[in-house]
Amino acid sequence: MRKSSLLVVTIAVTAALTLSACGSRGGKSDSGADNAGANNGNGGSTKVVIGIDAPISGSLSALGLGIRNSVELATKQANAKNYVPGVTFSIEAKDDQANPTTGKQNATALVDSKGVVGVVGPLNSSVSLTMQKVFDDAKLAQVSPANTSPDLSLGPDWGSGKFTRQYQSYFRTATTDVVQGKFAAQYLYNDAKKTKVYVIDDKKTYGAGLAAIFADEFKRLGGTVVGTDHINPGDKDFSAIATKVAGAGADSVYYGGEYPDAGPLSDQLKKGGAKVPLFGGDGIYDPEFVKLANGNGEGDLATSVGVPVEELDSAKEFVANYAAAGYKDPYAAYGGYSYDAAWSIIEAVKAAVEHNGGKVPSDLRTKVLTELGKVKFTGVTGPVAFDEYGDTTNKQLTVYSVQSGAWKKVKSGTYSG
Amino acid sequence: MHELPQNLANGLMLGLMYGLIAIGYTMVYGIVQLINFAHGEIFMIGGFGALTAYAALPHGTSLWLALPVMILGGVLASVLTATAAERFAYRPLRTAPRLAPLITAIGLSIALQQVVWAFYPGGKKALSFPQFAGDPIGLGSFHLQRNDLFLLVAAPLCMLVLAAFVRLTRTGRAMQATAQDPDTAKLMGIDTDRIIVVAFALGAAFAAVAAVAHGLRYGQVDFTMGFLAGLKAFTAAVLGGIGNIYGAMLGGLVLGVAESMATAYVQDVPGMHQLGGGAWANVWAFVLLIVVLLVRPQGLLGERVADRV
């Protein structure tokens, strides 16, 4: 009896540990190829791997899967066109579950993976913060399709106008929150004619940063911030905050954070008597937001970087190819930016090979890093190029609003200051 | 201060839910001195059980008709999980040192979460829970959610049923006897194994009712929802005096109201602006717990009992 019960307990504990291991680590790394060295170009074509780090599982997986699939699509297109003669591209995707610690482990794994010449990702600014140094030490190029925190490229003192590039290996195809937050404030004050805003954030690198930039610009324009509050990511009950917002007489709410909390927050605000639109950044611009708001998201607003991928002529091919590839999950908010990020690495590989007399150089990683800064091409999201800080030179933004249960474009514009 | 009634109502709702879950912690602790850390996940599984029951009904069934079926589905899922956990994870360890079942409970909690994550269709993301349509019932700036009415009725009703059960039925009195002294109870012919199963099952059923209330109130269920709710309910049980079922409900209410008040008013205290708001509600809730335990180590309604070894 004693033995058999011990057995049952052992099995239960083992099962628990195994399952939790699957869930919390990047155990589901789906490597697109064996990690063949980049420089063993003896016969046939050289395998070059583009690493991916994104939240492929967990609450942000809708965005993460879009990133993963779009990068894979880019490598498939490059291979089909034989874009870089003598080079076959493949991917190695890591799951960070939006967790900075897991992100750092993934960064180390990608650095150790010999064939990886560049990494697309991650989604979250807070995750990028832990990964940047690992990549920089290894001289491995990183292009984020979604990070918007200004600190990542401009340094912590950007607020006072002192820009210092943090890491030479860091690039991004997404615009920063400086641009996004100010654009949002200008839209809310000038176009939507709102003057009393309640500002809430989730205390994360992205959310708190965006909310602060928004609030400063809104006040500068002449609006009033009638109150501020913070939530913990993962909280379920926002009824007390809803009561505060309703009592403060706000005509709008700005939320710095992401859709898993923003959806329920919007729902509970309206139920709690604060029937004013919730405005957020690209972190809430996702169909999941509308679902989580339980029909109370109507009229809510969001800014997102770039113009809608569907509207760009340059993106038609991408949209068609993505559909043809038969991916189960949509390319989501960052698909186009991920596709362009992957292509910027492919272009850099091409340039590195061309400058080496058509052969794959032995130090491909370092060469890709030098070439990446000079890359210039027309991508699916518009012109792709990086400035001296590694930020994109494309500063287009769009305001979306929830109408009849889906995000609809309200206004696109180019931020000019 | 004109929002005070609304803030009290917000806290009350939160508290009733904590209290319903806390009963499960307190009953199991009262009888086997085990802190069943997997109880939060039993609560979560109740939510998924209710959702499954709703999905199984013909499309377009009125929520009024569906609600009893959903409660039944939730209770069934929770009770089955809890009794299975008792039989296979805790009973074999009944004579083991106390830390062994505690660690098992933590392992079980992670395992249950991951099972739902891995195997429930669409369970990797938050799932929408059906809700009653209609505007809140309002009186000036004060209003009550239609979906909260369920909790407002169900929680006191559950409490009454439980009190009657424990006092008036044979099994209920056997539970009291087992809680006081399991060895003597056994000698008097009480099947203590059965009583322990009943305690687990009752706690699970209440957690399932709380989960339905949670789904209605927040409009969604997800596989992580048991963690924080479980932790808060455990706090409520300790606050009210662990082992005491009335204490669990009282502890829940005190905790819920404290959280709501902390979110609403701490920010306005001069010099405390940084320490207020939604992000600090949990901190204040635990400060309250510490203060109460310093003054009354046995909790609000707890009785000082000698530790049985």
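Numbers run from 1 along the shown chain.
Keep in mind that glycine also has a Cβ here, set from the backbone N, Cα and C atoms.
Annotated transmembrane segment per TrEMBL: B:12-32, B:39-57, B:63-85, B:97-120, B:149-168, B:195-216, B:236-258, B:279-295, in sequence order.
Under the criterion of 3 or more C-beta pairs below 8 Å, with sequence separation of 6 or more, the transmembrane segment (B:149-168) and the transmembrane segment (B:279-295) do not qualify as touching, having fewer than 3 such pairs.
Among the stretches B:39-57, B:63-85, B:97-120, B:195-216, B:279-295, the one making the largest number of Cβ pairs under 8 Å with the transmembrane segment (B:12-32) is B:195-216. Spatially, the transmembrane segment (B:63-85) is adjacent to the transmembrane segment (B:195-216); three or more Cβ-Cβ distances between them are under 8 Å for residues at least 6 apart in sequence. Within the chain, the transmembrane segment (B:279-295) has long-range Cβ neighbours (under 8 A, six or more residues past its boundaries) at 232, 235, 238-239, 254-255, 258-260, 262-263, 266.
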